[in-house]
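**Q** Sharing a structure, written as structure tokens. Questions coming.
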Amino acid sequence: MILLENVKKIYKAKSGDVTAVDNANLKIEKGEIFGVIGYSGAGKSSLIRLFNQLEKPTSGQITIANRVISAITGSELRKARQEIGMIFQHFNLLWSRTVRENIEFPLEIAGVDKAKRRKRVDELIHLVGLEGRGDAYPSQLSGGQKQRVGIARALANNPQVLLCDEATSALDPETTDQILDLLLDINKRLGLTIVLITHEMHVIRKICNRVAVMEKGKIVETGPVLDVFRNPQQDITKRFVQQLTDSEDTNETIESLIEKYPDGKVVRLQFIGEAVERPVLQRLMQRSDIEVSILQGNIAQTNNGSYGSLVVHLNGEETAIQQAIEGIHQDQVELEVIAHG
């Protein structure tokens, strides 16, 4: 569906060239929700704006739906952009137009006749849950409602791809989840390919099938979300995963326990998929003559399944602890020894 091959974007500046995107290679399948995550300055906004040619690549090739979009211009590019919707962090609505008129705007530009425009706007207002707000102006809407207008407007021309540029960054957590649920519903109903960029791992976890991690203009890691949660390869990816799997006081809790109980081992168990539902600790205590203390636990739901992390203290004879660890491995649960006495 979407293919990026050796794509580079360089900005010219008085202080020297700035490479925002450095030889990016990506393949995004039709109908999937693909996330790009990175901290500020990683190059993710520059990357997503290359998809619809709001930014021109310095080199490389971008193909969307078998069309080399990086090689077209003029009317052909304008037509291609109608098949690529986009929503933004700060909504980019026309403040002098009502909700209906904002949604209708791209249809006017496309030359759709008035009757068809009205019908399409009615469909979109229903789709995004804005019934009764069609005659309201943006200033009368909440942040979540404004983004719903943005989504409806982006879908007006029945695009194949929806680009989301930090679409939830300006929203509170509850509204963020509502917008993410809406995007997930639209993806399932319409089979729409969604590409989103964010700095929040929660967004990736909640709706994405796969994720690419960017750092200093480079894509440093790519994979299914569940695999990235289970086995992050890069330090930056590990930091993002820890946003969800480790509470802020985990290290303090572990350090306090080590001081209080210098014997035994502190281990982190990682559960993936079906392993989350297994009674691992119950089995551990049944077959091992050791004491088990739970320090911290977390279970996250991703679009591909569950991921869990549990930090426990194992205390007893060394041989019994080793047998317990071997038993945990047999349950297909990953184990990391954090500290040992």
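Backbone N, Cα and C atoms are what each Cβ position is placed from, and that goes for glycine too.
OK, Swiss-Prot features for this one:
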{"type": "BINDING", "residues": "GLY38, TYR39, SER40, GLY41, ALA42, GLY43, LYS44, SER45", "note": "ATP binding site"}
{"type": "DOMAIN", "residues": "2-241", "note": "domain 'ABC transporter'"}
**Q** Rank the binding-site residues SER40, SER45 by how many other Cβ atoms lie within 10 Å of each Cβ and give me the one with the fewest.
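**A** Counting other Cβ atoms within 10 Å of each of the binding-site residues SER40, SER45 gives the minimum at SER40.
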**Q** Could you list the residues of the same chain, at least six apart in sequence, whose Cβ is under 8 A from the Cβ of GLY41 (ATP binding site)?
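**A** The list for GLY41 (ATP binding site) reads LYS216, given in order along the sequence.
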**Q** Using DSSP with the three-state reduction, classify SER45 (ATP binding site) as helix, strand or coil.
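**A** Its secondary structure by DSSP: helix.
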**Q** What other residues of this chain sit with their CB within 8 A of the center of the CB atoms of GLY38, TYR39, SER40, GLY41, ALA42, GLY43, LYS44, SER45, the recorded ATP site?
**A** HIS199, MET214
